[in-house]
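> Checked TrEMBL, it gives:
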TRANSMEM  47-62  transmembrane segment
TRANSMEM  82-104  transmembrane segment
TRANSMEM  124-149  transmembrane segment
TRANSMEM  155-172  transmembrane segment
TRANSMEM  184-204  transmembrane segment
TRANSMEM  224-251  transmembrane segment
TRANSMEM  272-293  transmembrane segment
TRANSMEM  330-349  transmembrane segment
TRANSMEM  369-388  transmembrane segment
TRANSMEM  394-414  transmembrane segment
TRANSMEM  434-452  transmembrane segment
TRANSMEM  464-492  transmembrane segment
Amino acid sequence: MAAGGSSSGQPQFIARAGNESFSHAPLIENPETDQIVVPDKKSWKNLFAYMGPGFLVSIAYIDPGNFETDLQSGAQYKYELLWIILVASCAALIIQSLAANLGVVTGKHLAEHCKAEYPKVQNFILWVLAEIAIVACDIPEVIGTAFALNMLFSIPVWCGVLLTGLSTLFLLALQQYGIRKLEFLIAFLVLTIAICFFLELGYAKPDVGEVFYGLFVPQLKGSGATGLAISLLGAMVMPHNLFLHSALVLSRKIPRSVSGIKEACRFYMIESGFALMVAFLINVSVISVSGAVCNSPDLNKEDQMSCNDLDLNKASFLLRNVLGKWSSKLFAIALLASGQSSTITGTYAGQYVMQGFLDLKLTPWVRNFLTRCLAIVPSLIVAIIGGSSGAGKLIIIASMILSFELPFALVPLLKFTSSRTKMGTHVNSTAITVLTWIIGCLIMAINIYYLMTRFIHVLLHNDLQLVAVVFIGILGFSGMAIYLAGIAYLVFRKTKESTHLLALTTEESQQLSNTPSKRSGYGLPNEDLTSMQLPQRVRTTSGDVN
């Protein structure tokens, strides 16, 4: 990448070619990509150029799986677990900011770094785990959309599962308009979800004092509350989201100066903070509505039974019975918006993962079709055999799979962003490194504890013979030992592969700036983005850069 004509004397970042000579070309160049150019000048107005990726990422925090956990926590413990949402949202902002920083600083997303860093066998295993996580993420979206169609149009759940395949066509029609239009649509869907649940708050009228008390006073009463708290925490950081965020930031063409990179990291954190704040308010609204409705003194016995085992499908009937028909419709609209927006982000994450790990690019409709089939088949079988209750349990299984997968995306992210080999002068500070590792270890410990307790519960409460229980126990704990060994490998393995981004001295920068070149000091998005951003034009947000 050209060092640009900057006269500030700040070090510029360029790529090192294989022959150890300096290259004046951008890290990756594809002029046909629909790029969003950030002006090469300091201004708070640049924030608008960075707005967008955070909303795509925030969808994972308000997907149907999160809604189900929120509904259960509100139904069983009213507002007592709201503080968990606050803590989890703050932790999620820090983790997501690391993912954005990795992409901004290095010009590569997380999957590409994994491919460059790990041997072939380990890399293949990480890819398989990432693909499983994406399918597990897609299952709640499929079932949530099916439930929403059932609530709105009385379509059977199994038919709704099949109809979710049409979202593939919707996604394809959307992609021709480029990344900016897609980001606006996702933001619109997020705001639709927010409006629906804010209106639900108007129907439910929760006690404001109790809500604030639950937000800021930590409390856990009983083992059941601990289990739900673990589920809430585990659902807040999704493995596919880390791959997604580190790639989405590459859709911006930023100045590659030290100050330009720092500004990009700062504005992405602000943008992510705003999007995650909206997601946080939505989650608080869901829990507050559920808590107010299920703890109402006017509930009949049937509604009380629904509250004891509340899921997405029962929630609609509960809201209709207690708050009225329109309340149920608002919930269904919010659920449909959540499911459809999750379709888009899941497909994008899958494309980045496949390209990064395997350097294999599929056209979007093929990628979406494969992912959707893998999610639809188990959802359809369970919906036909087990009905709505079976489909609801499949969401819980999917969330357990995501909890299992998380360390294999989170540990590499923490390792790479804490490594000077990868990040250069933009490496995490000691304080940030310690804080993020504490957060990461707590999240992983919570998820491992959640998996262990669920597995032990299944072993102790089943109708199998003792021999079968012992055999399953041996297999399960052996698998857990292998699982922990894999995490330990990622944690203690030394980072070896550099990103080939070098900070030049002032003298070298001046030499490069004297080289005839029409290029500015910008880093272009990775070429894997081009398969999803189809318009063949280059545009700027404000102020063209020559």
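One is the number of the first residue shown, and numbering goes on along the chain from there.
Using N, Cα and C of the backbone, Cβ positions are placed for all residues, glycine too.
Not measured: the values here are computed from a predicted model.
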> Have the transmembrane segment (224-251) and the transmembrane segment (464-492) got at least three CB pairs under 8 Å, pairs 6 or more apart in sequence?
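No; fewer than 3 Cβ pairs under 8 Å.
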> Determine which recorded stretch among 124-149, 394-414, 434-452, 464-492 has the most C-beta pairs below 8 angstroms with the transmembrane segment (330-349).
124-149
> If we call contact 3 or more Cβ pairs under 8 Å (sequence gap 6 or more), are the transmembrane segment (464-492) and the transmembrane segment (394-414) touching?
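Answer yes, regions in contact.
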> Are there 3 or more C-beta pairs under 8 Å linking the transmembrane segment (184-204) with the transmembrane segment (272-293), counting only pairs at least 6 apart in sequence?
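Result for the transmembrane segment (272-293) with the transmembrane segment (184-204) is yes.
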> Of the stretches 82-104, 124-149, 184-204, 394-414, which racks up the most C-beta pairs under 8 Å with the transmembrane segment (47-62)?
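Per the Cβ under 8 Å count, 184-204.
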